[in-house]
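Here the structure comes first, spelled out in C-alpha cells, and everything after it is commentary.
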Amino acid sequence: MSFEGARLSMRSRRNGTMGSTRTLYSSVSRSTDVSYSDSDLVNFIQANFKKRECVFFTRDSKAMENICKCGYAQSQHIEGTQINQNEKWNYKKHTKEFPTDAFGDIQFETLGKKGKYLRLSCDTDSETLYELLTQHWHLKTPNLVISVTGGAKNFALKPRMRKIFSRLIYIAQSKGAWILTGGTHYGLMKYIGEVVRDNTISRNSEENIVAIGIAAWGMVSNRDTLIRSCDDEGHFSAQYIMDDFTRDPLYILDNNHTHLLLVDNGCHGHPTVEAKLRNQLEKYISERTSQDSNYGGKIPIVCFAQGGGRETLKAINTSVKSKIPCVVVEGSGQIADVIASLVEVEDVLTSSMVKEKLVRFLPRTVSRLPEEEIESWIKWLKEILESSHLLTVIKMEEAGDEIVSNAISYALYKAFSTNEQDKDNWNGQLKLLLEWNQLDLASDEIFTNDRRWESADLQEVMFTALIKDRPKFVRLFLENGLNLQKFLTNEVLTELFSTHFSTLVYRNLQIAKNSYNDALLTFVWKLVANFRRSFWKEDRSSREDLDVELHDASLTTRHPLQALFIWAILQNKKELSKVIWEQTKGCTLAALGASKLLKTLAKVKNDINAAGESEELANEYETRAVELFTECYSNDEDLAEQLLVYSCEAWGGSNCLELAVEATDQHFIAQPGVQNFLSKQWYGEISRDTKNWKIILCLFIIPLVGCGLVSFRKKPIDKHKKLLWYYVAFFTSPFVVFSWNVVFYIAFLLLFAYVLLMDFHSVPHTPELILYALVFVLFCDEVRQWYMNGVNYFTDLWNVMDTLGLFYFIAGIVFRLHSSNKSSLYSGRVIFCLDYIIFTLRLIHIFTVSRNLGPKIIMLQRMLIDVFFFLFLFAVWMVAFGVARQGILRQNEQRWRWIFRSVIYEPYLAMFGQVPSDVDSTTYDFSHCTFSGNESKPLCVELDEHNLPRFPEWITIPLVCIYMLSTNILLVNLLVAMFGYTVGIVQENNDQVWKFQRYFLVQEYCNRLNIPFPFVVFAYFYMVVKKCFKCCCKEKNMESNACCFRNEDNETLAWEGVMKENYLVKINTKANDNSEEMRHRFRQLDSKLNDLKSLLKEIANNIK
C-alpha cells in the first residue's frame, strides 16, 4: 500500500467527540543562529521520522466489537492488512513504519501563540530527535534538563506544591533548561503548563521557557486535526480543539507546552508508549558533551518526582540506572513518599520493610495488585535504593524559594562527584557549584586540606564568577590561592569591558563625561573605550571614536585591580565590587573614586530605581572611606595625612580630597583628621596653638613676629637666619595672606566709597587712580584663576560675581573717559555705584571661613534658591492681578513705562502693604492722573456718561482683597515655611556643611601665591615673563614618575593595607556580635513564649 493511501485511511479514524473550548497561552521556542526554510524542515522530518500502522489484524477476544489488539477497529486499518489469528500481537512484528504525516505548528482553538508538534515512531533514534530539536526547531543547547514525572491523573494541587513548581519553572528559565513532561492537560502536566504560562506572561518574552511534552499518539484526543492533508507540502498549522468536558479515556494535549512529541507504536488507547523513547532521549542528552556547558562539558539532567504510581516508579528506576539523579518531594504522596521514607532507613533494606511502606502509602493500589506485581515493585524500589546517592529528598511543607534550587544542585553534584568518569574532575564539579551558587558545598567538599590549588587552576572559574556576579565565590577563590594580579591580563580585561559590559552603562558614562567635563570621568571613559575599540570598528556610526586611546596604554597593565574595580562599580555590582575593593591598593582613594563615579552616573540615569541604587552604593563607599580613614588616623596622623594627598593615575591623577569634594562627600571632608590637615594647610608653618588675635596684631606691628608672640610648628635649621625664617614663614602662611587680603579688600572698599561719595570729578584724582590700580591687580588675579581652572572657573558663583564686577568696572571706566559729556560722566558714576554693590557683596565669601558666620552664609545661599521659586509663584498672581486691574480701570494706555508701573510695580508694592487707591471711586483723585497722557502721571480711569469712574467697585475691591489675601497671607507664609525648612536642613548638618565649604576657601588661598595683596602683581609679571621664555626656549618636559613606584607611596600604601585588614576584622567582628545578639534575643523570646504557653495551659486547666 502506498504512503498516500495509508495517510488517507488514517483520516477516517474516530478520536472522540468535540466539546467546549478553552483559552490558551503557549510559549515560543528560542531561536539560534541556525536557520532552515520550511521545505528543508519538511524534507528532514519526512526523511527521518516515521509513524507506525498496524498491518496484521489480530482480533481482541476481550472486546465486544471487532477490535484489533492494537486498539483500532478492522475498518480503521490500512488497505492490504492481513489477518492474524494465532500469533500474539507485537508492535515490532505486526506494525510497519511509514513517513510521518503529523507535524508542524499547533494552534489551540485559534488563540495564543503556536507551538511545535511531531508524530514519531517509538523506535526513533535519539540523536536524530535531538538534531531536530536543536537545529531544525532552533532550540538552544540546554544548560540543564529537568524531567518531571508523577501525578498523571487529575488531582488537587496543594499550594505548597504549586510554589515548588513555580520555583522549578523559574530555575528552568534562569538556567536555560528544558522541561520534559507528559505533555497532556491532566494532572501534574496541566499544572506545570499553567506555571509555565504564568511565568512566561510575567517575564521577558526573550527568556521563554522550553517545555517539551512527550505523549503517546494513541492516547491523544482529536488527533485527526493534527494530520496533514495531501496538499500540505510546506508549512502546516493544525487547529487543535480542546474538548475538556468529554469523558473520553483519551487525553487532550496541554496548550502551554512549547513543543509536543507524540510517540506512535501503532496502537490506540495504550498508555506509557512514550516512556521508552523519553528515557532514551534523557540518557542520550545526559551522555552528550557540549563545549558550551557550564558543568564541565556535560549537559546535566535531573528527574523531579512527586506522587505517582507504577509508571513513576519505573521512570525513577530507569533514571537511576542511567546515572540520572532524582529529586523526590516528600509529602506529595504515593511512590514519592515511599521512596522518601525508605531513604531515611539506616538498616539493611528488606522486602518486608519495603512492602510495609507500600501498604502504608498506597493501600488501595497495593490491595488490587497480584503478588507477582508487588514483588516487581519491591525489586524496583530496592534497585533505586541501591543508588541512594542519586536520590535527594525535599519536604513539601518546608519547601521555600531556595530549597528547590539547593536540592537540584545538590543532586547534580552528588551524581557528578560519584560518577567514575567525573569524580576526579574538580574543575567540572566547581563549575557546577558555581553555576548554582552553592558556596557551602564548594567550601566543604572541594576546597579541603587534601588538595592544593594553583592559581592557574582557578582562573577559568574566576572569570565565570565575575561575569555571573558571584562575590562569595570570588572571595573563596582568592582565599585559596588565586593571584588576582596575574589573572587580570589585558585579554581578560578586554573581554570583561567589551563582551560583559552594558551598552547602556557606556552611554550613560559618555553622557556624564560630556555633561560634566570631569577629569576622572574622562579618564574612565577613555579606559572603557580603549577596551571596546575593537567593537567600534564594526560600527560605522562610531568611526569617529576610533582614535580614542589612553595617553598611556600601560596604565591598565600597571593597575589591573583598579580597572576591574571600575568595571564592577560602573555596573552596580554591589557585593562583587566590595570584594575587589578589599584587594586594591589605595583603598581610601578607590572608595572615594567609586563614590564620585556612582553619584555622577546617578544624575544621568533615566531609571529612577537604578539611580537610587547608584546613590545608595555611593553612600556606602563614602562610609567605607570615612571609617577606613578614621582607623588610619587613629593609628598614625602623619601617614593618614599622606593618604589624603596621595594621587594615582588609575583615578585620573586625583587625590582623596579632590575626589571627595567632586563627589560632595561632606561626611568625609568633615572628619577630624581631614579638618586637622586643612588647618595645617591654612596656618602653614604657624602653630595652631597661636591665637588669631596675635596673628592679626602682628600684621599691623610686624616686628612682633620676631619677638616670640607667634609660635611656629618647627624651629629653623639655620640659627643665623632664624629671624628671616620667621618672617618668611609668617607671611607665606595662607591664613596671613587671607587676613592681609581682607584688610586690603576692606581698604579697597573704603577707597571705592570715598571716590564715589567725595572725590568723583571730571578729571580723575589720585585716589581714583589708586582705585584703578587696585582693580587692575584684582583683574590679574582673576585671570590667573581662570588660567589655572579653565572652564571650571565659571562653575563657582563667586567667580561669576568677580567677573561681573570687573566687567561693570570696565564699563564704568569707558563711560568715565567721556568726561566732556556730563550725561556720560553721570552714567559712569551710576555704573560704578552698581559695581560697588557687587564688590561689597563679594565680601560675604571671605567670611565663610568663620565657624559662626559660615553656616549663616550657606543658609542665605540656599534661601536665595527658595526666593526664586517663590518669585515664580508670585509672578503668576502679580501678572494676573495687574493685567486684570489695568484692563478694568483704563482703556488703551500706550505708554510702556506706565503699563509696567500699573501691571508689575504697583502689584509688587501691594505685597508690602501699599494698598492700591484707584480701585475705589469714593477716594479716587483725578488730580493725580492725566486724561491726555501728555503728563508724567498715570492715565485716568474710564468715565461714564455722568463723568464718574466707570469701573464696577463690586469687582475691583474684592479683586484687591483676594490678591492681598493670596500674596500677603498665603504666598508670604509659604516663603517663610520654605525658609524654615531650608534653615532646618542646614542646621541639622550645620557643622558638616560649613567644614565642606571651608575646604574651598582653604584651597583657594593655598593655591595662591604667598605674597600679600597688592604686591602680588609683581609676581604675576614675573610669571608672565617666565612663561614667555619657556615658550621661546621650548624646554622638554620631564616625564613624571608613575604612581605607586615611589618608596614613600609604597610604604604608605602598605601601611594602609594593614589598617584596612584591621578595619575589615572590626566590621566582621561587629557583624558576628550582632548575629550573636539576635540569636540571644530569639532565645529569650522563645523562652518567654514557652512560659506564656505554660501559663495559658494552667489557666485552661483551672477553668475546667
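Glycine is no exception: its Cβ is also placed from the backbone N, Cα and C atoms.
According to Swiss-Prot, of the candidate residues N15, N934, the site noted as N-linked glycosylation site is N934. The record in Swiss-Prot shows matching topological domain names for V849 and N1068, meaning one and the same side of the membrane. As annotated in Swiss-Prot, transmembrane segment covers the listed stretch 766-789 rather than the other ranges in 694-717, 766-789. Non-local neighbours of the transmembrane segment (766-789) in the same chain are 748, 751-752, 754-755, 759-760, 799, 802-803, 806, 809, 813, 1007-1008, 1013-1014, 1016-1017, 1020, 1023; each lies 6+ residues outside the stretch with a CB under 8 Å from one of its CB atoms. Long-range neighbours of the intramembrane segment (896-912) within the same chain, counting only residues 6 or more positions beyond its ends whose Cβ lies under 8 Å from a Cβ of the stretch, are 874, 878-879, 881-883, 885-886, 890, 938-939, 960, 963-964, 967-968, 971-972. Note on the transmembrane segment (734-758): residues 681-684, 686, 695-696, 699, 767-768, 770-771, 774, 829, 832-833, 836, 839-840, 843, 846, 849, 1001-1002, 1005-1006, 1008, 1010-1014 of its chain, located 6 or more positions outside it, place their CB under 8 angstroms from a CB of the stretch. When the topological domain 'Cytoplasmic' (790-796) is classified with DSSP, helix, strand and coil residues number 6 helix, 0 strand, 1 coil.
Sequence-distant contacts of the topological domain 'Cytoplasmic' (849-853), counting only residues of its own chain at least 6 positions beyond either end whose CB sits under 8 Å from a CB of the stretch, comprise 738, 994, 998, 1001-1002.
Sequence-distant neighbours of the topological domain 'Cytoplasmic' (790-796) (same chain, 6+ residues past either end, Cβ-Cβ under 8 Å): 517, 803, 1000. Under DSSP, the residues of the topological domain 'Cytoplasmic' (849-853) split into helix, strand and coil as follows: 2 helix, 0 strand, 3 coil. For the topological domain 'Cytoplasmic' (790-796), the predicted model reports an average pLDDT of 77.
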